[in-house]
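What follows is one structure encoded as structure tokens, with my remarks underneath.
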């Protein structure tokens, strides 16, 4: 379980600091929403280690994450764009999820791509993929990394409706199957309704848990 | 209804650009005038070559081409390699004074070559710091290391490697924060980070940068003149000067000029043939990913060597200037005449450069036709094909053919030539932001019904005030430190500080040269820092 307790952060010249308290569980998708500039991405930066908290605690299954740099935290990231290195091939992008490129790597990459429905695209350059395919490649890499936490920052916002629904479904099933703790930041109500097992809203720099709308369970 | 000019299928650009026919006409007129001037100068060189029968070619052209190419090639390769290493180190390290170091590196582009050459002599010359130290410590000197091929290359590296570092650092700093976050979360090693994230961000800039550095080194004049150490290391540019001023061999000079133009044009064509590579701009805000261990040590080492290599010769120039007889030089009327001439020529060239760059840039940004835009951009690159000494030779021959004494035409010629030399850099500074601004604000400008003057007065000048100041500073500094143009036209009555310094060195008055070098250096760096700020405030207050 990921636990944030009064995790505080303030930008320079900001008088009142953010203070985040929340819980996120394994095999669940915890959605964070809020208005533009409310601090959604700041929260992800704090969990990811890209911003340094001034106070409070952040732990994963009892382990304190705050002293760890981003590369030392057990997490994978999926962003709206830039999740892939576009000049590399699909296989090379996915291979970055493996600690060592050994003989098994090719097979593992193939299996990961198969799981996200992109088998056979290993040698294609990432730049030549559609928005939905790029996100699937990033998910394949996440599968190989096999980290506990998956942080999603508006990952569906550049996708068309059909691709969006399919990618959402993939995220949901992988979270269940891999036992990930998935945190989704989104300002899109449909994404939140479709995916959230838990839902927090940021208001006045604080997290407030609100009930999940029924549609979330049925989608 | 849209005017016919904007009714082509050329681009979606046309549909929302404000209609500014006068801007296009002014820009076209300027472009034609520049093209005619260059063509006239070039024609004069060709006519002289064809009609001169009495002269003999006393120079081994192939030796010169070979030497110039070797020198420029080595300078380019080493500048790019060192520039990448310095940019990499500066991108990673955060320390007190980082902005100052970056600012000093940015000033490298305007540091007068003659000052750098003097700094090299102060450090590595026969009576330089290194020889003084070895004589004191070991009882013997290690000889003159400032002269010859490696002295020239080292002096070029001081200017060009730091110039490369500054450009490449901008590319590294513009890497999107999201890409860095992904890389950091994946735990990329320093080497993986360089190959997967950094190199793709900078590789698009390397060919163009290499071409510019090659041309700068190929056409380098004062450094080769002072550090060449004899015919063995002479380059085409210096040989042209020597042919005109020392050997009075006009035919030889014309032949050399033609070869120079041919080689430079080939390099420009090769660089222009590459498709443009999109680059990121802006400053990434998410940079808190620092390398650790050996990579970090290497970054500090690279930065330390870079700062020492760049700053030591310049500090030596200032030190030598201060310990020489400063008061004696400052009380001489000839010094103040040369200083006034330098400032007047610098300011006049800067004003002319701004008028040309702004005139061409505004017209280009207002134009929707691709061919017209291309045509308006071409004269800007006159300098790259026709370097300083060749341009001066063209002016020199034209003035003579018109029956005017070169000394009489000198002030006007030096101002125009220096403005043309600064134009590529001015256009590169002003053009892209001007185009972006017109594109982004076009709908707003049209919806508000602003006329051309209002657009310039309330939108373009206030938003581009920094770039306008940078253009003026660049043009002033180039002109202020120029030796290539003035060397052909200068007389005892008409001389600038660089020419006065060169003459002082030639007559072994090294104390005088030291004082002038120090003043040139300080004035250039002050102008480069102060002029952009001054104009930023001036235009800001008026907007």
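Cβ atoms are placed via backbone N, Cα and C, with glycine included.
TrEMBL entries are annotated by machine, without manual review.
Remote same-chain partners of the transmembrane segment (B:24-50), defined as residues 6 or more beyond its termini with a Cβ less than 8 Å from a stretch Cβ, comprise 5, 250-251, 254-255, 257-258, 261, 356, 359-364, 366-367, 372, 375-376, 378-379, 382, 386, 390-391, 393-395, 397-398, 401, 416, 420, 423. Residues annotated as transmembrane segment in TrEMBL: B:24-50 (among others).
According to TrEMBL, the feature domain 'ABC transmembrane type-1' maps to B:65-272 (among others).
Sequence-distant neighbours of the transmembrane segment (B:70-90) (same chain, 6+ residues past either end, Cβ-Cβ under 8 Å): 98, 101-102, 105, 149, 152-153, 156-157, 160-169, 171-172, 194, 198, 202, 206, 209-210, 213-215, 217-218, 220, 224, 233, 235, 298-300, 302-303, 306. Here TrEMBL flags B:70-90 (among others) as transmembrane segment.
Here TrEMBL flags B:102-125 (among others) as transmembrane segment.
Here TrEMBL flags B:145-169 (among others) as transmembrane segment. Counting only same-chain residues 6+ beyond the ends of the transmembrane segment (B:145-169), those with a CB under 8 A from a CB of the stretch are 67, 70-71, 74-76, 78-80, 82-84, 86-87, 90-91, 102, 105-106, 108-109, 111, 113, 116-117, 119-121, 123-125, 128, 130, 202, 205, 209, 213, 216-217, 220, 223-224, 227-229, 232-233, 306, 309-310, 313.
Residues or ranges marked as transmembrane segment by TrEMBL: B:209-230 (among others).
For B:250-272 (among others), the entry in TrEMBL reads transmembrane segment.
TrEMBL lists B:297-319 (among others) with the feature transmembrane segment.
Per TrEMBL, the feature domain 'ABC transmembrane type-1' maps to B:339-532 (among others).
The transmembrane segment annotation in TrEMBL covers B:339-362 (among others). For the transmembrane segment (B:339-362), same-chain residues at least 6 beyond its ends with a Cβ under 8 Å from one of its own Cβ atoms are 20, 23, 26-27, 30-31, 34, 376-377, 379-380, 411, 414-416, 418-419, 422-423, 426-427, 429-431, 434-435, 456, 460, 468, 471-480, 494-498, 519, 527.
Per TrEMBL, the feature transmembrane segment maps to B:374-397 (among others).
With a cut-off of 8 Å between Cβ atoms, the residues of this chain six or more beyond the transmembrane segment (B:409-431) that come close are 34, 37-38, 109, 345, 348-350, 352-354, 356-358, 360-361, 364-365, 377, 379-384, 388, 391-392, 395, 399, 464, 467-468, 470-471, 474-475, 478-479, 482, 484-486, 489-491, 494, 496. Marked as transmembrane segment by TrEMBL: B:409-431 (among others).
TrEMBL lists B:468-490 (among others) with the feature transmembrane segment.
Taken from TrEMBL, the feature transmembrane segment applies to B:513-535 (among others).
With a cut-off of 8 Å between Cβ atoms, the residues of this chain six or more beyond the transmembrane segment (B:297-319) that come close are 82, 85-86, 88-90, 92-93, 101, 104-105, 108, 111, 115-116, 118-120, 122-123, 128-129, 155, 157-158, 161-162, 165, 291, 514, 517-518, 521-522.
The transmembrane segment (B:513-535) shares the most Cβ pairs under 8 Å with B:102-125, out of the stretches B:102-125, B:209-230, B:250-272.
Within its own chain, the transmembrane segment (B:209-230) is flanked in space by residues 68-69, 71-73, 75-76, 79-80, 83, 112-114, 116-118, 120-121, 146-148, 151-152, 155-156, 159-160, 163-164, 167-168, 236-238, 241, 260, 263-264, 267-268, 270-271, 384, 387-389, 483-484, 487, 498, 502, 505, which lie at least six positions past its ends and keep a Cβ under 8 Å from the stretch.
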